[in-house]
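Participant: One structure, pasted below without further comment.
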Amino acid sequence: MVVAVYPGTFDPLTRGHEDLVRRASSIFDTLVVGVADSRNKKPFFTLEERLDIAHEVLGHYPNVQVMSFKGLLKDFVRTNNARVIVRGLRAVSDFEYEFQMAGMNRYLLPDVETMFMTPSDQYQFISGTIVREIAQLGGDVSKFVFPSVEKWLTEKVAAMDPASGASAGQP
């Protein structure tokens with residue numbers, strides 16, 4: 001049984017992420033979607049919200065598990081007995097960083113492979129950062145995220161404090 005881990009911040013989970021999950025889940029016996037805590041990135045959604053979103057969007061895949069992780073990816077990979085790390089590459093600009101990370105992961109986990117997947121054509125330009133920016137500026141993100149994610153974005157943006165730009169209830 002081959003287990004793969006697809007790690008990410010998923011802030012928010014986009015149609016591009018789901019496309020990769022759909023395709024990777026057809027290759028591996030189990031695909032573990034690891035939602036990274038990523039506090040240093042100051043995510044728009046809390047870890048709990050990102051987990052809820054991922055469960056809503058990906059819950060219908062029978063061989064996909066969604067869980068959070070903190071700390072080093074290598075520890076999460078080992079905990080889940082994974083043999084493969086799945087990463088998405090949208091553009092050449094992604095490759096340099098991902099290539100360095102794959103090299104480090106190979107050093108830390110010599111028996112684990114990194115598999116790069118490119119998105120389907122219609123999702124090559126989608127990123128969580130761009131989706132968040134469009135949503136915060138009142139734009140239509142319905143082509144980039146699932147309806148449930150669009151609802152999460154709309155509610156989160158509405159809860160923003162216009163005076164400070166910070167989310168309500170957060171510093």
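For all residues, glycine too, the Cβ spot is worked out from N, Cα and C.
Below, the features straight out of Swiss-Prot:
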type    : residues                                                                                               : note
BINDING : Thr9, Phe10, His17, Gly88, Leu89, Arg90, Glu98, Tyr123, Gln124, Phe125, Ile126, Ser127, Gly128, Thr129 : ATP binding site
BINDING : Thr9, Lys41, Leu73, Arg87                                                                              : substrate binding site
SITE    : His17                                                                                                  : site 'Transition state stabilizer'
Participant: Using Cα coordinates, what distance in whole Å links Glu98 (ATP binding site) and Arg87 (substrate binding site)?
Facilitator: 8
Participant: Determine, using Cα-Cα distances only, which of these binding-site residues is closest to Ile126 (ATP binding site): Lys41, Leu73, Arg87.
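Facilitator: Minimum Cα distance from Ile126 (ATP binding site) across Lys41, Leu73, Arg87 lands on Arg87.
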Participant: Across all protein chains in the structure, which of the binding-site residues Thr9, Gln124 has the highest Cβ count within 10 Å?
Facilitator: Thr9
Participant: Can you tell me the CA-to-CA distance separating Gly128 (ATP binding site) and Lys41 (substrate binding site), as a whole number of Å?
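Facilitator: About 12 Å separates the two Cα atoms.
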Participant: To the nearest Å, how far is the Cα of Arg87 (substrate binding site) from the Cα of Thr9 (ATP binding site)?
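Facilitator: The separation of the Cα atoms works out to 12 Å.
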Participant: Measuring Cα to Cα, how many Å separate Thr9 (ATP binding site) from Lys41 (substrate binding site)?
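Facilitator: About 9 Å separates the two Cα atoms.
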Participant: Including all protein chains shown, what's the count of other C-beta atoms within 10 A of the C-beta of Glu98 (ATP binding site)?
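Facilitator: Its Cβ shell of radius 10 Å holds 15 other Cβ atoms.
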Participant: Go through Leu73, Leu89, Ile126, the listed binding-site residues, and name the one with the sparsest Cβ surroundings, counting other Cβ atoms within 10 Å.
Facilitator: Leu89
Participant: For Lys41 (substrate binding site), what residues in its own chain, 6 or more apart in sequence, show a Cβ-Cβ distance under 8 Å?
Facilitator: Thr9, Asp11
Participant: Counting all other Cβ atoms within 10 Å across every protein chain shown, which of the binding-site residues His17, Arg87 scores highest?
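Facilitator: Output for this query is His17.
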Participant: Cα-Cα, whole number of Å: Gln124 (ATP binding site) versus Leu73 (substrate binding site)?
Facilitator: 25
Participant: Return one of helix, strand or coil for Glu98 (ATP binding site), based on DSSP.
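Facilitator: Looking at the DSSP assignment, Glu98 (ATP binding site) belongs to a helix.
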Participant: Tell me whether Arg87 (substrate binding site) sits in a helix, a strand or coil according to DSSP.
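Facilitator: Its secondary structure by DSSP: strand.
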